[in-house]
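Here's the structure, in structure tokens; my notes come after.
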Amino acid sequence: MHDLIFVVLGVFDAFAMLVLILKLYMLPVREYLGKILIFAAFIAVFSYVMRIVLKEPNYDLPLQYLLFILFLRVGLKIKTHLASFIAGAGICAYAVLQMGIYYFYDWTHLMNAYMLKENNGSVYLLQISTIVIALVISWALMKFNTGFSFIILPPHDFLTKENYFTIRNLLVLLGSLASLITNSVTVLFLYDANPLWLLLTSAITLGLSFYFSGWSDRDDIRRAVEAYRNKDKKA
């Protein structure tokens, strides 16, 4: 029974995380709903195999991060460097949200750090709470049409050669690297019963990602204004 609950909650967990990733960057969900559900089911089974069957939880989250990137690249046709950036930002946002909820439950004495390593009712409560709040945040982002908008709607044009040495792309790559490192050490903090460091590392990486995203949005506005002015000059 615990195995079934683990997988079912894993499906909703992956679904909520992916929806949050897309809505943070104002990307469509409904058009890709079928693919998202299939991927969420795959991730849930993958996590079950890694954590329960193979007893290798340390590799679960880093590999999940890579699988999220692969899905965004292949399933949604988002360029790889952008896929890695938004996946990292969304996963870190989800981790910060989850740790924030954990500290609320810790404050109310419903759970403690050592419970995070187990599969029981307290962890299920934490998972369900995170899923619900993440979906509510995603709905609010969609409802109020807000989020970061510098990533164009997929499918992206892969025929045009990308210059990875622009300031924007260098920031994106830096954010992706920070996310990869964060997701790699997350499990170490989790299984060391150290949620505070997990929260801090995720929050720092999320802050960097949001700063880079805000800069990219402002850069888009600047480019649009310059293009408009140049058009007026030519006229």
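The count begins at 1 with the first shown residue.
In case you wondered, yes, glycine gets a Cβ from its N, Cα and C as well.
For the transmembrane segment (6-25), same-chain residues at least 6 beyond its ends with a Cβ under 8 Å from one of its own Cβ atoms are 36-37, 39-41, 43-45, 47-48, 52, 68, 71-72, 86-87, 89-91, 93-94, 119, 124, 127-128, 130-131, 134-135, 137-138, 141-142, 147-151, 213. The feature transmembrane segment is assigned by TrEMBL to 6-25 (among others).
Taken from TrEMBL, the feature transmembrane segment covers 32-53 (among others).
According to TrEMBL, the feature transmembrane segment maps to 59-76 (among others).
For 83-104 (among others), the entry in TrEMBL reads transmembrane segment.
What TrEMBL lists as transmembrane segment is 124-142 (among others).
Among the features that TrEMBL reports, transmembrane segment is placed at 170-190 (among others).
What TrEMBL lists as transmembrane segment is 196-213 (among others).
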The transmembrane segment (196-213) versus listed stretches 32-53, 59-76, 83-104, 124-142: most Cβ pairs under 8 Å: 83-104
Close approaches to the transmembrane segment (59-76) from elsewhere in its chain (Cβ under 8 angstroms; 6 or more beyond its ends): 17-18, 21, 27, 32, 35, 39, 42-43, 46-47, 50-51, 83-84, 86-88, 91, 154-155, 179-180, 183-184, 186-187
